[in-house]
Amino acid sequence: MSKDHESRGTPTMAALRMEAKRRILNFTPSWFSVNMGTGIVSILLYNLPYQFPGLKIVGIVVFCLNVVLFISFLTMSILRYAIWPSVFTKMLHHSGQSLFLGTFPMGFATIVNMIAFACVPNLAPRWLELAWALWWIDSIIAVIIAIGVPYVMFTHHSHALAGVTGVWLQPSVATIVSSATGAIIAEYLDPARAKIAVIACYILFGMGFLPAVLIMANYFLRLAVHKSPPSALIVSTFLPLGPCGQGGFALLRLSIVVRNLCINSGGTGTLTSSDLRAIGNAVYGASIPLVLVLWGFGLFWLVVALLTVINLRLRENMKFNMGWWGFTFPIGVFATCTTQLGTELDSSFFRVLGTILSCAVVALWIGVVLMTAKQAWSGELFMAPCLGEDEDGLLGKKCSRQSQASDA
């Protein structure tokens, strides 16, 4: 009977189990970039400067989709390393795959962001406690990755200047994203916890942004010496937008929290309430020009990335891969910084530009989702470079054990 099914092209249960195991084995950390892209779309839709009835609901629907995807991806990752523990070491020692570990806390942070935006102001107070707890978990993971991955790069990887890509930024950007998330949550916290959050957020920002600047300098040199990345990595030219856009957004939101804390404080130590108000206004006032500088830096990278991709597209076709999710999150966080500048400066220019960028990100997200769904269904996207020739051996060992157990 099974032979008849196979002859007609219908897979047997054994073949389906084998394919499921193959997909779990090849489920790489880069899949969490789907959460980053989907999460930033939910944030953009929910906070778009020019709203129409139902748009916030659409943002919440996308947020719910992101939660489902994140739980699914986390489950597959746990299964991957539980069934094949040695694969974690292989992934960590792979010079490319380990860099994508940063996508996990960043994808998780988009969920915490939406809890703060949509749930905390509108639902029971326990949502604030949930957001507060989840943010600390995300921050700890981000710090471990921001320090751990570079350490592994220094001690176990072999790199050359020609191999430097925008993907190098991802471990560092994780703490910048966590800093921005903490700033959002701090606006709803009591003063005591808000102070703790602000201090932690500035530390997180420093841990991520300054290493990111060093990496961007090396990436600039790599582009000048070795020209544009290959087609498979061309979308990584957008990744420098991440630290610029998310960094600017984080500084703006933190300055708002600092100003509010100082204004509402009755004075501490040798500082009077008027001193604190002056400090709060100074921090806020100094942050806006600094964020404009970061925004200009991001605009530079955006134009360079667009020209690079257009130049490649005119010469050859671009084949879809998981790296295409790099279109969504970096441009998305640049859009959030743009719209936040529009709010703080009361600028129609930034509000309109932020809306245009947001719409572009949503359009890109729809296209990338469709291509991802198509190739995920066919199984093309389930390929882990870190496995190399070990894939058949890993699957073979498990299958042989299963067959022996079933025969017994």
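Cβ coordinates come from backbone N, Cα and C, glycine included.
Not measured: the values here are computed from a predicted model.
Noted in TrEMBL for the protein shown:
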type: TRANSMEM; residues: 24-45; note: transmembrane segment
type: TRANSMEM; residues: 57-79; note: transmembrane segment
type: TRANSMEM; residues: 99-124; note: transmembrane segment
type: TRANSMEM; residues: 130-154; note: transmembrane segment
type: TRANSMEM; residues: 161-185; note: transmembrane segment
type: TRANSMEM; residues: 197-221; note: transmembrane segment
type: TRANSMEM; residues: 282-310; note: transmembrane segment
type: TRANSMEM; residues: 322-343; note: transmembrane segment
type: TRANSMEM; residues: 349-373; note: transmembrane segment
* Asked: Of the listed stretches 24-45, 130-154, 197-221, 322-343, which one has the most C-beta pairs under 8 A with the transmembrane segment (349-373)?
  -> 322-343
* Structure fact -> Note: vs the transmembrane segment (197-221), the recorded stretch with the largest number of Cβ pairs under 8 Å from 130-154, 282-310, 322-343 is 130-154
* To do: May I ask for the residues of the chain that lie six or more residues beyond the transmembrane segment (24-45) and have a Cβ under 8 Å from a Cβ within it?
  => 55-56, 58-60, 62-63, 65-66, 69-70, 73, 76-77, 79-80, 83-84, 87, 91, 97, 100-101, 103-104, 106-111, 113-114, 117, 322-323, 325-329, 332-333, 335-336, 358, 361-362, 365, 368-369, 372, 382-384, 386-387, 391, 394-395
* State, in range form, which of 99-124, 130-154, 322-343 has the highest count of Cβ pairs under 8 Å to the transmembrane segment (161-185). => 99-124
* Asked: Mind checking which residues reach the transmembrane segment (99-124)? Cβ under 8 Å, same chain, six or more beyond either end.
  -> 28-36, 38-40, 42-43, 46-47, 56, 59-60, 63, 66-67, 70, 73, 130-131, 134-135, 138-139, 141-142, 145-146, 149, 167-168, 170-174, 177-178, 180-181, 184-185, 188, 329
